[in-house]
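Structure record follows, encoded as structure tokens.
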């Protein structure tokens, strides 16, 4: 393979590793992801149980095109059909005119709410079947000075109740009877609740309740230009929302009828004023005609004059009819509209015909002219008068039988199901949200806090790796016992080197033992210090098992627990903590008798002793140096377990007495920056760290080999 090909392959492999690492990181944190998702799902389930359900009621109304107006129907029948003005009607339904009457009719400005525990109280009441308890208040007023006070109604039983406020007001009332005290008036029509149940009574402004109705009311047209409107109203009370929607449709219908009736009423008032005047003019015309006939001795008209007279009277009648039509059509159209222009053209034609007839009358003898004029005035007046009488009767009938343009097709009905919350959707959405957030959290944590993922990552920065110890499944199982059955039992359990000597982690520690044999050849003494980067990385585990493995080679090993704050090696090895390191350094114990034998041959332990107030000062004493010198002369290896260097300075103090120093870092937990900072602290104190032990390497979901560790198992045959 050429160099260029190798580089290309390396880049490709690196890209694949990056993608695989992301997937692997999520898979490794699967229990955390699943746990987080389960919490989100549980919260969603709890919410759906306790959230207040919202119901929906719907109704259907139809806008009939110009119902009840024959004139407009006649006009529109001659024109193209004009679609109903649905948009205008929708705004009318949502107007304060309609909704305000609904608020007044149903006393919606008075709200009575049952007092429950915040957040979950209402849901609990529903689960217990007590959510239908109610108090019906039809009247509630209070002085302006009490507008900011909170009024509470307490059910006393026997149809009695007590009304109190946080301002000191208190009064008792009886159902069905008005309560009046200090300017506060209330009338309770019904109570359906247990004694001692409390309700909050609130008074809202009419405008505020209208706005609330507008927010919960939806009006849409069904289809295009159908004139059929669908009304939907949402709320918490199934019965109340049905009543509200029925009231809205009823008030909408009534206002439409009232508007039509008002129009007819105004026309009737106008006719009532005009009829006497028309009758008076008719009487005058009749008197003049009679007087002229008496004066001329009953002059008869010839047939030609009679025909002209009839034509003129007929034209006058038609002109009067057009006047009525123009009054109606002017409300709908401008003069530029085709229908209006047609009417004006017809009027002009009649007026032209009338002018011609007037010319023929002018050619007649004077007596005939006068008789024609007087007779025309009488007959035209009679026709006008009869038309007005007919119109009056017609308007009276219209006023009495007005149905309006609106028809309620479907009265309001509450849908059986719950509109919201949609339980399945909320739970599913919460599961998806929890899954996404947990995965993002895992990836962000991995991105911003990337632990050491391979020995090569350390070696590339010039840091020697003496051993890579895999995570022991056996030890992991013992750790679970710690969680379930308590720390004490866990700490008194067997070492991995004793309980499962063929474990891969012990094999790695044996490899470390071999490496230490050569690493300590040039050391100034046989003292080996093991420290850690940070707490909870398995330093004591490595130290204790390393001591056990070395002691199995028939070398005498002494383990000194220098973690006088949190050391627990004595519990791990099953020895007591009497006359430990702190006691020796404080002068309370003898160095010669401080080492305690363990259950493992050639393996002795000096426990931490009682927790002192000044562990760092004790380690700096000359007596600690004497202890190290004594131990070095009597044992093949002195192993010192110290606290993590990033936590306290004890390791820097002890390191001056050790010929060899190794540092433990945990795989995928400690970062490269932490390791470098720890090494820098040792350098500042003149201590050379030989190398790092990478502990608890586990098989990642992206493949174990990507991190420089190959798993083999080699066991003896059992026969």
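Glycine residues also receive a Cβ, built from the backbone N, Cα and C atoms like all the rest.
Per Swiss-Prot, the feature topological domain 'Cytoplasmic' maps to 1-30 (among others).
Here Swiss-Prot flags 31-51 (among others) as transmembrane segment.
According to Swiss-Prot, the feature topological domain 'Periplasmic' maps to 52-423. Taken together, the residues of the topological domain 'Periplasmic' (52-423) have an average pLDDT of 82.
Residues or ranges marked as transmembrane segment in Swiss-Prot: 424-444 (among others).
Positions annotated as topological domain 'Cytoplasmic' by Swiss-Prot: 445-719 (among others).
According to DSSP, residue 568 (phosphotyrosine) sits in a coil region rather than a helix or strand. Per Swiss-Prot, phosphotyrosine is recorded for 568 (among others), and the stated evidence type is similarity to another entry.
Feature annotation from Swiss-Prot assigns phosphotyrosine to 707 (among others).
Under the heading phosphotyrosine, Swiss-Prot lists 709 (among others), citing similarity to another entry as support.
Feature annotation from Swiss-Prot assigns phosphotyrosine to 710 (among others).
Sequence annotations record features per position, and here Swiss-Prot assigns phosphotyrosine to 712 (among others).
Feature annotation from Swiss-Prot assigns phosphotyrosine to 714 (among others); the stated evidence is similarity to another entry.
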CB contacts for residue 568 (phosphotyrosine) [other CB atoms within 10 A, all chains]: 17
